[in-house]
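Asks: Please read through the structure below; I'll follow up with questions.
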């Protein structure tokens, strides 16, 4: 664990605490296509961090590599000062993950899934039981806990996935599009849980392409486009003089000057 | 078509549906070259098969038991039509009436149009060929021929109406998760059905085989549409009374089916669709803290957790269940079938061990992309070892008692008790060897299993990889058993017959040792290849 001599020169967190996540020179290519083109990123601990970018920007690829689900072509990732690929024992105990587009064990009921995850994480049976009951309660899933996850709605799936990711009380939580396809009520529930979680000093890193959401939730953002980081820092800094994060974002990714459709002048009222 | 009664301007709608069906058939040709070849191939195969059946039935003309065969055949076909839409819901796109919900259609013309259009296609043509063949087999004389025409028409209408009515009644089921699960089990029915058909055909083609159909036919001759064919035989024999009753019964059945179908159709098209209705009732509530019995028996650690999850999946996941039940059933049937066909030895019971051992292959592919949940909790070779061992243990919990039962059952069936210990020893060694090679191939050659198809067990791009892994693993598994086979042969030739029982503990210990060694070897490879395995199993 003490093997990285360069740890302290790179960490710029608060008063010597290492950053929650430190990414250096991360690359991933699929054949000709470059998904992630050399990302350097330093995510401070104890923050609500938004990773924003348009579809295809490389958000999911980046999060997969950071959480050890995808092997990068090159580059290093450290979580809490531990190398993701060199010290998986330390890293996997410290992170919780909710990926996008991957299944859960859907033929288990909600409670069975939590029980399964908790026990694989090495928690004692009664502790799993206690935590699962509370999580199911808070996430409003107690009524459906004996239903198979395959019969859950999108919002319920995200919530049970979140519960599974939180069960072992990780230091850093990675969520890929946690609000995608989620109804407003479930979204509010998820939001409440996440806010409570970060207030206790934990870090949440989540990806989204909904700027309003990121703006209202996050205090720190990183903007990703075409596999590169375009901006990173506290929300106010990244937003700069722009009226909203949306405007700042469009400017950053160079999509602001697109003319608003001269060709569709027939669309709307008047002659059919 | 007389049964649909008075109709109001049905012609255009019927013509439209017929054209739609013809377009769909024609569009089978407008696919990629490979799929077109498969489509044409299946059509040619079906027609050839139909022609052969027709020739066979014509050859049976005048046979003593032809009537019994024809009666049973008609019943089997009606059953086939009834269950087809449940297992192959995508087979006929016009079968799903909910596609027509937004159109302003009245039930009666719709029923007629759907009925006529479902008489067009390869399946109906196949049935028609068989029906005509059946009539040729049993009709003697002009009156019987006329009755035969009526029987064919009634049968075709009954089959089509039955398929439609069953599909309509089950549309809600078919478009729900449970329905899709059911369709995924179809591969299982094909695999087990083929074995049973093998036995059945073997029995019927034996001496006096057809005579054994008589008692069944006695019952079925009063069940439409089989009744219609028996009526043709009746007319040939001059017993007009019963024949008329049988025809009336068939016509009444058709009318009843049409009424039921129309009712179902009306209900279906005027009520909300299933996507807004709960697919499944919440499962039985359990008091907090209470655990299922199996749960309490298993250890509390990773091993117990993995065993429980594996067994739950074998029961609940249609794809996994289908694989398990197929290997269990086929492994049981092979020794049975070889005995019935008058051959084989207790050693055929090794099939059971072999087929079940194959379940250890591609373990992580069976998880599909949910493997990420496993990958997130494996951070050392030790974790990977416990994970693999749990899965192997779940397999052994079912496999060892099952293999023992099959060996003992085969020994009883063939009255070869003396060979039972050595056969069981060999079967257990083979099981252990397959667990070992299965763990290794799971680590080195994982591949995706498509989750939405009842038949495909590997995505096309990974077929080579899958076959290489399976064959390589099986050959290695067989090679690993060579020492035990050698010992068996040596003991036989050396005349050590009184010590052959030693092969049982030897085989069991050898199998267990092989399995543990395989798991030990595979574990560090799994731990080192987690992202690669995840990528490989998420292509489905």
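Cβ coordinates are placed from backbone N, Cα and C, and glycine is handled just like the others.
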Asks: Looking at B:243-261, B:262-280, B:281-299, B:300-318, which stretch does TrEMBL describe as transmembrane segment?
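Replies: Among B:243-261, B:262-280, B:281-299, B:300-318, the range TrEMBL annotates as transmembrane segment is B:243-261.
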Asks: Where, among B:109-136, B:243-261, B:426-445, B:465-490, do we find the most CB pairs under 8 A to the transmembrane segment (B:392-414)?
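Replies: Selected stretch: B:426-445, with the most Cβ pairs under 8 Å.
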Asks: Does the structure show the transmembrane segment (B:37-60) and the transmembrane segment (B:109-136) touching, where I'm treating 3 or more Cβ pairs under 8 angstroms (sequence separation 6 or more) as a contact?
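Replies: These two stretches do touch.
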Asks: Taking 3+ C-beta pairs under 8 angstroms (sequence gap of 6 or more) as contact, is the transmembrane segment (B:243-261) in contact with the transmembrane segment (B:426-445)?
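Replies: No, the transmembrane segment (B:243-261) does not contact the transmembrane segment (B:426-445).
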Asks: Are there residues at least six beyond either end of the transmembrane segment (B:426-445) with Cβ under 8 Å to its Cβ atoms? List them, or say none.
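Replies: Same-chain residues near the transmembrane segment (B:426-445) but 6 or more away: 347, 349-350, 352-354, 356-365, 388, 392, 395-396, 399-400, 403, 406-407, 465-466, 468-470, 472-474, 476-478, 480-481, 484-485, 488, 503-504, 507-508, 510-515, 517-519, 521-523, 525-526, 529, 533.
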